[in-house]
Amino acid sequence: MKEAFKEALARFASGVTVVAARLGEEERGMTATAFMSLSLEPPLVALAVSERAKLLPVLEGAGAFTVSLLREGQEAVSEHFAGRPKEGIALEEGRVKGALAVLRCRLHALYPGGDHRIVVGLVEEVELGEEGPPLVYFQRGYRRLVWPS
């Protein structure tokens, strides 16, 4: 069942984000594809964070986090925050430079979700970057969107 479940989810395309939080001098970030818009009024987003993620206690303690929506070409950024470090990649003021958009959120709620926590954030600020194609993850790899001509 576990392998079939993973294979089924690999067939679902999703955008790629980097979620980050800072508590004192400690700043953590992680790549997340389990992210969604939850509500427009109030503006809420939700994401799933593993119980084992180093980000989780920082996010909980800070009571705030950012979500950077990655653009096509930011594969190395995604890999870096997925635990495969790349030289020269870092957060800038809690966000990924060059992202399509950055959402600055206050922690609204936390819910249990199996081996994950469901994190709900109240969006307090939106930074829009340059428009462009998003970074997409599908079938265990990064893909490009094809625009109709």
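Quick reminder: no glycine exception, Cβ is built from N, Cα and C everywhere.
Owing to the predicted nature of the structure, the values given are computational and were not obtained by experimental measurement.
Database features, via Swiss-Prot:
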BINDING   E27, R28, G29, M30, T31, A32, T33, A34, A48, V49, S50, K54, L55, H80  FAD binding site
BINDING   S37, H116, Y137, F138, Q139, R140  NAD(+) binding site
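Positions of the features from Swiss-Prot, shown on the structure.
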| residue | record | Cβ neighbours (10 Å) |
| --- | --- | --- |
| G29 | FAD binding site | 26 |
| T31 | FAD binding site | 19 |
| T33 | FAD binding site | 19 |
| A48 | FAD binding site | 18 |
| S50 | FAD binding site | 16 |
| L55 | FAD binding site | 20 |
| H116 | NAD(+) binding site | 17 |
| Y137 | NAD(+) binding site | 20 |
| F138 | NAD(+) binding site | 13 |
| R140 | NAD(+) binding site | 8 |
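You'll find the Cα of S37 (NAD(+) binding site) roughly 12 Å from the Cα of A48 (FAD binding site). Look at F138 (NAD(+) binding site): DSSP puts it in a strand. Taking the Cα of Q139 (NAD(+) binding site) as the reference point, the closest of the binding-site residues E27, G29, T33, A48, L55 is T33. The maximal spread of the NAD(+) binding site, taken as the longest Cα to Cα distance among S37, H116, Y137, F138, Q139, R140, is 23 Å. Note on proximity: of the binding-site residues Y137, F138, R140, the one nearest G29 (FAD binding site) is Y137, by Cα distance.
Neighbour list (E27 (FAD binding site), Cβ cut-off 8 Å, at least 6 residues apart, same chain): A20, A21, V58, L91, G94.
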